[in-house]
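Undergrad: Pulled from Swiss-Prot, these are the listed features:
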COMPBIAS  28-47  compositional bias 'Low complexity'
REGION    27-52  region 'Disordered'
REGION    200-223  region 'Disordered'
REPEAT    276-299  repeat 'LRR 1'
REPEAT    306-327  repeat 'LRR 2'
REPEAT    333-353  repeat 'LRR 3'
REPEAT    361-382  repeat 'LRR 4'
REPEAT    389-409  repeat 'LRR 5'
REPEAT    417-438  repeat 'LRR 6'
Amino acid sequence: MQETPSVPSNSSSHSQSVLTIQRQVSALGSSSTGPTSLKTSSTPTPGQLKTKVPNVRRMRRIISEDAEWSLAIVPLLTELCIQHIVKNFQNNPILKQLPLEHQKKVLSNLPPELPLTVTANLIDDENYWHRCCIKRWSVCHVSRHGGSWKRMFFERHLENLLKLFIPGTTDPNVILDLLPLCRNYVRRIHVDQFLPPVRMPTPLQGEEQSDSGSEGEGSEPEKDHYQLQTLVGGLKHLEELDLVYGVKDCGMNFEWNLFLFTYRDCYSLAATIKACHTLKIFKLTRSKVDDDKARILIRSLLDHPALEELDLSHNLIGDRGARAAAKLLSHSRLRVLNLANNQLQAPGAQSLAHALAHNTNLVFLNLRLNCIEDEGGQAIAHALETNKCLSVLHLGGNKLSEPTATLLSQMLTVNTTLVSLNLSCNHIGQDGGKQLLEGISDNKTILEFDLRLSDVSQESEYLIGQVLHANREAARQRTLNPGHFSSPTNNCTENSVV
C-alpha cells in the first residue's frame, strides 16, 4: 500500500522534471534565437545606416565651434529669390521693380564682371562701380573724376580703348559701340598716347619697275591717328579734352614718326573742338604743335561759347602762334592760358601784352621757358598797369634782366589784382632785386613772389619775404573778418542808398 502511492509521485516528479527541462530547452532555444535575430537586425546595410542614424549636429541647438551656425536651417524665401535674381541677372536684370532694401542686397551681391550693356544704364549705385574700379585698376583717384566712381569707370575705360586703338587694325565699332553706354557719364577725356597705323612691309618690286625711278611712290605709310570727331560729337556732357599725340613705352622701336601730329589730325581735331559747345578745358601738350597747326586750332576756338582754359605747353609754337592766341583773348571768355616751354620771343609777347591790356577775363598766364627777353617782359609789365583781372603770372626762364625788373617794380605799385608772380631762372641781378623790393613794399595784394636763381641778393629776398608774410597775414584777417575791413567808401555808399 505504501509502495503504490510512491510510484505516481515519482512519475509525476519525473514528468515535471521533463516538462521543466523542455521549458528550459525551449527557453534556451528562444534565448538563442532571440539574440541572433536581434544581432542580425542591428547590423543594417550602409543605405539603411544613413537613413536611420540621427544627425547629431541638427539635434544640437548651439554649436560653439561654428560662429556662423544658425538654428534656421531653411533660408527665407526672399533670400532664395534674391539669390536667383543675382544668378540670372545677366539674362533677366530685375532691379528697379524690387523694394529698396532688396535692391541693396542684389547690388551688393552682383559680380563686377557683368557686361556693360546690362549695367551701364541700369545701375547707379556708387558702391557697385567702386568694386568695378578697384577690381580693374590698382590705383584709383576718384577726385579727378568729380568724386563719382561710375564716371571714373567709364572715363578710364574709354581712355584705355583710345590708347590701344590702332588705325587700320582695330575695329572702330569697339569704341562707337560704347558711346550709347557712356555718353551720359563721360565729362573728361585724358589720352596720353595715340598709336599710329601699323607699318606694313613694302612688297618687292621687279627690276624694271625699280629702274623706272618711281619705287618710292605710294610706299610711305599713313601716319594719321584715330579721329575723335564722331566720338566727341556723341558725348553731350564733355567738358575737358586732354590729349598727347605720342607713344609711351615704345622701347627699341623708337622712331620720330611715332610722335607726329599730322595736318589731317590737326584739321580733324579743330573741327572736333569747334563742334563741342560744352568744352571748357582743352589741352594739347607734347605733340610738336608748330605755328601753322596752332593757328588752325585757335581759329576754330574763336568765339567759343564755353572755353575757359587753353593749354598748348611743351610744343613748338612761335610768334605767329602767339599772335593767334592774342586774338583768341579778345574773342573768347578764356580765363587760363598756358604757353609754357614753346618758342615765343619778344614779338609774340608784345602781341599777348597788347591783348592783355584790354582783357577782362584772363586770370592765369604761364609763359615760362620761352625767350621773350626784356622787350617782351617790358611790354607785359606795361599791360599789367592797366589790366584789372590777371592774378597769376609766370615768366620764369625767359632771359629777363634789370630793365624788366624796373618796369615790374613800377607796375607793382599800382596793380591791385596780381597775387602770384614768378621770375625764377632769370638774370634780375642785385639792382633789379632792390627795385622790385621798392615796388612790392607799396603792394598789399601780392602773396607769392618767386625769385629763385635770379641773382637777387639774400637781403632783398629776405625783405621781400617779410612783405609777403605781412600781405598773407592781412589776407587771412580779411578772410576771417570780412566786414571789419570793408572800405569807407562802400559804407558811405551803402548808407546813402539806405
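Including glycine, each Cβ sits where the backbone N, Cα and C put it.
The structure displayed is predicted, hence computed values, not measured ones.
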Undergrad: Report, as numbers and ranges, every residue of the chain located at least six residues beyond the repeat 'LRR 2' (306-327) whose Cβ falls under 8 Å of a Cβ in that stretch; write 'none' if there are none.
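TA: Counting only partners 6 or more residues beyond its ends, the repeat 'LRR 2' (306-327) has Cβ contacts under 8 Å with 239, 242, 277-292, 294-295, 297-299, 333-345, 347-349, 351-352, 354-355, 366.
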Undergrad: Residues sitting near the repeat 'LRR 3' (333-353): Cβ under 8 Å, six or more positions beyond its termini, same chain?
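TA: Same-chain residues near the repeat 'LRR 3' (333-353) but 6 or more away: 306-323, 325-326, 361-373, 375-377, 379-380, 382-383, 394.
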Undergrad: Six or more residues beyond either end and a Cβ under 8 Å away: which residues meet both conditions relative to the repeat 'LRR 6' (417-438)?
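TA: Those are 368, 384, 387-402, 404-406, 408-409, 445-457, 460-461, 463-464, 467, in sequence order.
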Undergrad: Do any residues, 6 or more residues outside the repeat 'LRR 5' (389-409), come within under 8 Å Cβ-to-Cβ of it, and if so which ones?
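TA: Distant Cβ neighbours of the repeat 'LRR 5' (389-409) are 340, 356, 359-374, 376-378, 380-382, 417-429, 431-433, 435-436, 438-440, 450.
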Undergrad: Just to be sure I understand, if DSSP states are collapsed into helix, strand and coil, how many residues of the repeat 'LRR 5' (389-409) fall in each?
TA: 8 helix, 3 strand, 10 coil
Undergrad: Determine the mean pLDDT over the repeat 'LRR 6' (417-438), rounding to the nearest whole number.
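TA: Computed over the repeat 'LRR 6' (417-438), the mean pLDDT is 96 on the 0 to 100 scale.
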